[in-house]
Amino acid sequence: MRRLLLLVALIWVCSVFYVGIFLFVGGFLLVRLEVNRTSSCADVLSPGAQMKGDFCLSEPRFRRAVVLIIDALKADFTRYDPENTTPKPFENKLPVLNEMTSSQPSNARLYTFRADPPTTTMQRIKGFTTGSLPTFIDVGNNFASNAILEDNLVHQLGQVGKRVVFMGDDTWVSLFPKKFHKSLPFPSFNVKDLNTVDNGILQNIYPTMEGNDWDVLIAHFLGVDHCGHRFGPDHPAMAEKLSQMDGVIRSVIKRLKNDTLLVVMGDHGMTDTGDHGGESQKETDAALFLYSSSPLFSAPGSQEEPEVVPQTDLVPTLALLLGVPIPYSSVGQVLLPLFPQNGSRAALAGLSQAEALWINVKQVNRFLETYSNMAKDIPADSLSQLQADFSNISSHYLAAIHNGHLPSSELVISMQNYLTSVRETCRASWARFNPFKMAAGLIIVGISCILCYVLSEFSHVVLQEGLLKLPILSGVVVGLLVAAGQLFFQGYPETSWCFAAAAVTSVMFFLWGIHSAKCKRTPCDLFTPAMLVLFLRCASLLSDSYVIYEGHVVTFLLFTLGVFVPLRLNWDGLLLPPPAADTPKPHRLLPTVLPSSLVRRETTVLLIWLGQLVGSLYVSLSFHNCREEQGACQPSAFLSPLSRIQDSQLRNLHYVLSVLSLGMWGYLIHRWLRHYGNLNCSSVTVFLSCFLVPVTCVCIGLHWAVSATPEDTFRSLSELIGVAQVYIPRASFCLLALGLLLLWVDPMTVFLKSRTPLNSRGTSLPPPKYRASTGISPQAELHHLIPQLYQRIRHSLDDGGTESGEVDNRPAVEAYGLGTVYSAPLVQLCGLLGLVLLLLHPEGMALAFLLLLLEAGAVLHIHAGSTNLCSQQRHSNDFTVPWGPVVMWSLVASQFFHTTGHLPTFPSIQWSAAFVGFPQGHTGTLLPATLVTLNTFSSQIIFAVACPLLLFWPLVCEVRVTRSDRSSAESEDAVMEMRLRENPQKFSSGLLQLTARYLFVTGAQVFASVCAAAILRRHLMVWKVFAPKLMFEASGFIIGSGFMILGVAMVMRVDISVGRLFKKLLPQNSR
């Protein structure tokens, strides 16, 4: 087996894919250019008549401000309906807001506060402190927050000498390092902790307000957001947290002075399941409450109130009310009701509406000019129109001031329209693309798919002729030359283009080498039903409706392809036993090698496994999650953690089902290993299957029981429960990691039993037999008998020793588990990985994981049964896996992605996986990011690792046949996976062909997602449907391909161990 060349080929192909993906993403998801300039009180905004600055001319309206940020304070949470006699847990729990707005209309207002997507905390903090708009790719920085470099309110408050005190979510400290006069941060990432951050704030906020060492107080509460993540909004815990926030607001209002402004706001909303991150209205609509002890607003009804306040509008509003410059990059618009109307300044001090708007307009125009000179990405016609509008506004405003007139209401409306136009123009322009990178990335991903197809068709030639050396070396050389040229001409190399040049060059040289080798072409199999299903799967990714209902689409395609297998066999006349010899039949049916009884048995087994696949697919639909676009869809009850289920009987039922499914997972794998004799040895395999896996299952069950225990059930044991939540899952992780390590060190699952021959060396006896015994029953042992394997081993190793004899018709050497020597370690590897991934999912997903095992087994047995039945027509020693099973394998992986409650949307990411074993949070971001990634792409991981089983399973399930070309009725027993040792070259080429086909199938789906994002980049649903789908599809491919290489590496590790075993065995029996 050419292990190194095979591994290099796979790494090279995956690398070409990676280059194309990252190049396209780099052109599709560009971040906005940040303008690193700051405003100051001395700034003179053009056009201006005064010599002093524009921002700090008048006395500020307020000297102090208290900003209470209640994370995920949804707009619905703040509405009060006195006629609602049976409110839900999140309804009517903040009556203080209604009381203030109704009793003191001149002092308080409540608005819907609309956020720009993505609705994650870091982006929202950035939005309402800088006044800028985020880009799509910023969502990836939510838990790796870097310092904000753009001008912002916190910086401006510090510049004018304001003492800013912060307490709460520690995200602020990483965003604004060393910017606070005093800070009291608390860890924010642990979504299961509802009280630590809030209680820490409550212990400090009131003493701070009663003191004088502050000017602006910012308190960021997290309890409501964490309650939504953990329990959802419709849970008694939410009512408790909202009631607590109601009391906090009341207490803060009592301590306010006349010169202090109170701002209560949410940074985003939440879905019905408590998640956020997307752009649905439930996620973007938060609440904004403004209050002051002194009159804050004009008389009710005197002016039009906005229905919705964009979050960016808070930045210029607070800046002008507190007497600080508006941040340089802000595109927000001042909230006019907070400023007195023209001619009514006696009632309210500070800037008038026209004055505030004029400063705001000049500041936005300055930013627009600066940005357009730096970035050059705002359309010229839009920029010209905005410049003309600003010139018109300037001339009218300056003329009115010069003549001593008040600006007209029409001019005020013109300034509002200008600010709105600038914001919308920027929003459209910042969704810009780099067409060159996108085109190059799309082309490279496309030729990567072609590369995989060619590699799968000519895998034997690639390995025999060594056609990879020249393409890889030429690619490296060209990449270095491009880097050197860029370094010489422009002073720095662009790594993306260097890698692109290397990838394209290597692929071109490879294709030319295949063409020059004049390889024998095989019949084109691109127009098969399996490839048609793959084409339909890829075509569906260009439709937003099909992407939204992708889980059902994949299930239907998998069902269709599964049912097609027996229909095709029946069409070819292979599903039923052949007719009697005297019945005239087509010539193609005559050369059969399977007896009728075996045909009936194989057909029955195939139909049984097909029925199991269909049943599993039907049940799996009960585990799907719901997208916001699906309307009345209700997510599966199994997706909720047991701690969310309030009915104790239902919670106990879910727990019992989860534990039973967990036990069945371990039992089925153990039963398979025992059936094929892989548990007779004394190696670590027996230890893993018989001891380590059961102990780990017990630990996981205990962890689920502890996690499902309500916090108020055993208060006296709260410390013990807290310790158990930490160390039980960690112990499970350690046990599984130990199992994976031991499996890699000693993957052999063969038990050898030798007998000393009684005959002398010179005695001539029949050649010995070598049995791969299962050790369970005489029938099973006979079925898996491997005769004359000793000679096969000697032939494969070119050993010239003499043969030992056999006595009493018993083999000289009995080998238990040799027939599944390659597949058994892979099955164990998948079993251990499955337990790791299951531990990161909600408890109810144990039944979904059991369905995964059943579906995978059904696909493998359908493939094996089809192969056995097809052997009636052809008998080939080539280890070729048809396209059909490979496409089905990929569809099962996609289907299981949805069965575990995942969706290609950011709100559906199960962040709770980061806290399994770490309920107190993490000090860094690498470990939680790894846990969330393993949770999200668990289906791609398991099926990628298990991909080589498609090659092994037909050999494991092969049947004994009678060769028609033999004169005697001698039967050939099932050799199983030892056929691979007889033909190491075909073994290597077959494994390379299989993995190349799997990469082609999964890569084609990535290519379809790339095409959808490129073609529909101006589509209404691009950022809601197609861009997230691209990110998830590309990430799944990258992670899946990496784990596929791990599975191939495990096969190579087993092959090395098998070679060592045979080398040790031959000297003992060749004497």
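Residue positions begin at 1 at the first shown residue.
Note that Cβ sites are derived from N, Cα and C of the backbone, with glycine treated the same way.
Nobody curates TrEMBL annotations by hand; they come from automatic prediction.
Taken from TrEMBL, the feature transmembrane segment covers 467-489 (among others). Residues 5, 8-9, 12, 461, 495, 497-499, 501-503, 505-510, 513-514, 517 of the same chain lie 6+ residues outside the transmembrane segment (467-489) yet bring a C-beta within less than 8 angstroms of a C-beta in it.
Positions annotated as transmembrane segment by TrEMBL: 495-514 (among others).
Per TrEMBL, transmembrane segment is recorded for 548-567 (among others).
According to TrEMBL, the transmembrane segment annotation covers 653-673 (among others).
Per TrEMBL, transmembrane segment is recorded for 685-706 (among others).
Listed by sequence, the residues of this chain that lie at least six past the ends of the transmembrane segment (726-745) yet keep a Cβ under 8 A from its Cβ atoms are 684-685, 687-688, 692-693, 695-696, 699-700, 702-703, 706, 825, 828-829, 832-833, 835-836, 839, 916-920, 1050, 1053. Annotation source TrEMBL lists transmembrane segment at 726-745 (among others).
Taken from TrEMBL, the feature transmembrane segment covers 820-840 (among others).
Long-range Cβ contacts of the transmembrane segment (846-867) within its own chain (Cβ-Cβ under 8 Å, at least 6 residues beyond either end) map to 562, 565, 569, 602-603, 605-606, 609-610, 612-613, 616-617, 619-620, 623, 638, 657-659, 661-662, 664-665, 668-669, 834, 837-838, 881, 884-885, 888-889, 892, 895-896, 899-901, 939, 942-943, 946, 949-950, 953-954, 956-958. Residues or ranges marked as transmembrane segment by TrEMBL: 846-867 (among others).
Residues or ranges marked as transmembrane segment in TrEMBL: 879-897 (among others). Residues 525, 528-531, 533-534, 537, 550-551, 554-555, 557-558, 561-562, 564-565, 617, 620, 848, 851-852, 855-856, 859, 862-863, 866, 937-940, 942-944, 947, 950-951, 979-980, 983, 986-987, 989-991, 993-994, 997-998, 1001-1002, 1005, 1036, 1040 of the same chain, all 6+ positions outside the transmembrane segment (879-897), place their C-beta atoms under 8 angstroms from a C-beta of that stretch.
Residues annotated as transmembrane segment in TrEMBL: 937-956 (among others). Within the same chain, residues 676, 819-820, 822-823, 826-827, 829-830, 833-834, 837, 840-841, 852, 856, 860-861, 863-864, 867-868, 879, 881, 885-886, 889-890, 892-897, 899-900, 902, 975-977, 979-980, 990-991, 994-995, 998, 1035-1037, 1039-1044, 1046-1048, 1050-1051 sit at least 6 positions outside the transmembrane segment (937-956) and bring their C-beta atoms closer than 8 Å to a C-beta of that stretch.
Among residues of the same chain six or more beyond the transmembrane segment (996-1016), those with a C-beta under 8 A of the stretch's C-beta atoms are 10, 13-14, 17, 20-21, 24, 28, 438, 441-442, 445-446, 448-449, 452-453, 455-456, 459, 534, 537-539, 541-542, 881, 883, 886-887, 889-890, 894, 944, 947, 1022, 1026-1027, 1029-1030, 1033-1034, 1036-1037, 1040-1041, 1044. Residues or ranges marked as transmembrane segment in TrEMBL: 996-1016 (among others).
Annotated transmembrane segment per TrEMBL: 1036-1054 (among others), in sequence order.
Residues 642, 655, 658-659, 662-663, 665-666, 669-670, 673, 678-679, 721, 724-725, 728-729, 731-732, 735-736, 738-739, 742-743, 746-749, 824-825, 828, 831-832, 835, 838-839, 843, 916 of the same chain lie 6 or more positions beyond the ends of the transmembrane segment (685-706) yet place their CB under 8 Å from a CB of it. Using a Cβ-Cβ cut-off under 8 Å and counting only residues 6 or more beyond its ends in the same chain, the transmembrane segment (1036-1054) has close neighbours at 1, 3, 6-7, 10-11, 14, 17-18, 21, 744, 747-748, 821-822, 825-826, 829, 893, 897, 933, 937, 940-941, 943-948, 991, 995, 998-999, 1002-1003, 1005-1006.
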